[in-house]
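Asker: Sharing a structure below in structure tokens format, with a few things to ask.
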Amino acid sequence: MVFASAGAAVSGAILALDLGTTGIRALLFDPSGAVAAGAYREVPQIYPQPGWVEHDPQTIWQLTCEVVAEVQAQSAARIAAVGLTNQRETCLLWDAATGTPHGNAIVWQDRRTAALCQKLRAEGWEAPIRQRTGLVIDAYFSATKLAWLLAHRRPYYPGLKAGTIDSWIIWKLTGGRVHATDTSNASRTMLFNLHTRDWDPELLELLAIPAEILPAIKPSLGVLAETDVRVLGYSAPIAGILGDQQAALFAHGCDRPGLVKCTYGTGSFLVAHTGDRPIRSRHQLLTTVAWSDRTSTGYALEGALFTTGASVQWLRDGLGIIETADESEALAASVPDSGGVYFVPALSGLGAPHWDMGARGLLIGLTRGSGRGQIARAVLEAIAFQTREVTDALAADMGTPLTRLKVDGGAVRNNLLMQLQADVLGVPVERPQLIDTTAQGAAFAAGLGTGFWGDYAELVAARPIDRVFESGERQLVLQAHYAVWQRAVERSREWVR
């Protein structure tokens, strides 16, 4: 992979913007790769009706401006480049002349287009869409969301723009001059042809999405545009655009086949780099772009789990058995095991490797002796078991056994969860000191793309590792429990038909 050469004396900082599902984060990275400043704002979630999830695009932009202003107030360093990473699949429509959105963005978790997805399957589109895009037909992806927006919010007119969250923020950062996305985000829309590396005309026609409303597709790494002077007080290059999971993969140094990372957030996402060619999964994993530069494109296999950290939130908000998410660790550790209780976290259906929109959550094995501790432990074990399902599928598709799992995301602070994960997988689990790895990946991409940093391998190797969890004495017991949990998964399948 080709990067610009670093200058002899590097000064300033790289600004990473992480436009996540639950929050907007800005981090400044100094020349050593350390975090020099940071700011965060929570994104309000909008639930118009059951199964629908939306975000206000204007709020996302306002919060972005706030975190940028805050990190600039914390550090006088001049921003040498901007890197951007974002929640993928979430999409919106807006007016080019005014920059005003046509309603809220539809979030990746939103299931309102499930019926359209079923119709596409019934019409025989499953195999063609899989072959072209590497994805399964699911309401998770942008394609059916955009079709819904055009049908229900605003039909096509000259000057209508559409895009994912990266495109929206690039539009705003550049003062409306640039309408673009990168290959990693485009590959998550179910409209991007992996073989031509462009929007697929037949799929656009199928869903009545005009090509002219979509952003131009650019490399993930390298200078894409310049910020409007009103954003920072001066202009700076936007030089790294990556979907959040690809950004984490980049930060972990997973740039070749056999390296796997898992991000534990609201959902969990396991991604393995597969090299310079797309591999079609035989186990219901997604084929996607890892990242690209001006000369090459790397590919990946991904398993998306819809409900992991959200399961812990359900313990707090739904059952009320904990007051904060952090309490889940102590509560689960207060009992030696789950007491035969198993949890299937299909609260929004099942993602990889099942892709069952009709599956529903299941808590089974309850007796009069079951209490809060057993339920909390069953939830943490279920997160580890789900991850095992996907790592097994990755190993089968790639023909390479998993030897180490690199992890990041808010839930990895839970030491019990990480130990359970190591035991269930039977391999070391590596946790870095900086668990905001998506922002770090965006910073690395922007810095390497502008010559702020010169060597990718050295940059990755310099990241401090906080702890490596080794599989322990409960490995065999938990792997036996995994087999029982798989029976519970089968009971949860196709509950809603």
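Here the Cβ of each residue, glycine as well, is placed from N, Cα and C on the backbone.
The sn-glycerol 3-phosphate binding site feature in Swiss-Prot is assigned to Thr21, Arg88, Glu89, Tyr140, Asp244; the stated evidence is sequence analysis. Swiss-Prot lists Thr21, Arg25, Thr266, Gly309, Gly410, Asn414 with the feature ADP binding site. The annotation ATP binding site is assigned in Swiss-Prot to Thr21, Thr22, Thr266, Gly309, Gln313, Gly410. As annotated by Swiss-Prot, glycerol binding site applies to Arg88, Glu89, Tyr140, Asp244, Gln245.
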Asker: Considering the binding-site residues Thr21, Thr22, Gln245, Asn414, which residue's Cβ sits among the greatest number of other Cβ atoms within 10 Å?
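Answerer: Within the set of binding-site residues, the most crowded position is Gln245.
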Asker: Would you list, in sequence order, the residues of this chain other than Arg88, Glu89, Tyr140, Asp244, Gln245 that have their CB within 8 A of the centroid of the site's CB atoms, where the site is the one recorded for glycerol?
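Answerer: Close Cβ neighbours, site residues excluded: Gln87, Thr90, Trp108, Arg188, Gly243, Phe269, Ala304.
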Asker: Considering the binding-site residues Thr266, Gln313, which residue's Cβ sits among the greatest number of other Cβ atoms within 10 Å?
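Answerer: The residue with the densest Cβ neighbourhood is Thr266.
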Asker: Thr266 (ADP binding site) to Thr21 (sn-glycerol 3-phosphate binding site): how many Å between their Cα atoms?
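Answerer: With the alpha carbons as reference points, the distance is 8 Å.
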Asker: Does DSSP give Arg88 (sn-glycerol 3-phosphate binding site) helix, strand or coil?
Answerer: coil
Asker: Name, in the order they occur in the sequence, the residues of the same chain whose CB lies under 8 A from the CB of Arg88 (sn-glycerol 3-phosphate binding site) and which sit 6 or more residues away.
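Answerer: In sequence order, the residues whose Cβ lies under 8 Å from that of Arg88 (sn-glycerol 3-phosphate binding site) (at least 6 apart) are Trp108, Thr164, Ser184, Asn185, Arg188, Gly243, Asp244, Gln245.
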Asker: Between the Cα atoms of Thr21 (sn-glycerol 3-phosphate binding site) and Gly309 (ADP binding site), find the distance and write it as a whole number of Å.
Answerer: 12
Asker: Name the secondary structure element type, per DSSP in three states, that contains Gln313 (ATP binding site).
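Answerer: Helix, per DSSP.
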Asker: Taking the Cβ of Gly410 (ADP binding site) as centre, how many other Cβ atoms lie within 10 Å?
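Answerer: Summing over all protein chains shown, Gly410 (ADP binding site) has 19 other Cβ atoms within 10 Å.
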Asker: Please classify the secondary structure at Gly410 (ADP binding site) using three-state DSSP.
Answerer: helix
Asker: Could you find out if DSSP has Arg25 (ADP binding site) as helix, strand or coil?
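Answerer: Note: Arg25 (ADP binding site) is in a strand by DSSP.
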Asker: Quick check: of the binding-site residues listed here (Thr22, Gln313, Gly410), which one has the Cα closest to that of Glu89 (sn-glycerol 3-phosphate binding site)?
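Answerer: Closest candidate to Glu89 (sn-glycerol 3-phosphate binding site), judged by Cα separation, is Thr22.
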Asker: Can you grab the distance from Gly410 (ADP binding site) over to Tyr140 (sn-glycerol 3-phosphate binding site)? Cα atoms, rounded to a whole Å.
Answerer: 22
Asker: Among residues Arg88, Glu89, Tyr140, Asp244, Gln245 annotated as binding glycerol, what is the maximum Cα-Cα distance? Answer in Å.
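Answerer: Answer in Å: the longest Cα-Cα distance is 15.
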Asker: Among Glu89, Asp244, all listed as binding-site residues, which has the most CB atoms within 10 Å of its CB?
Answerer: Asp244
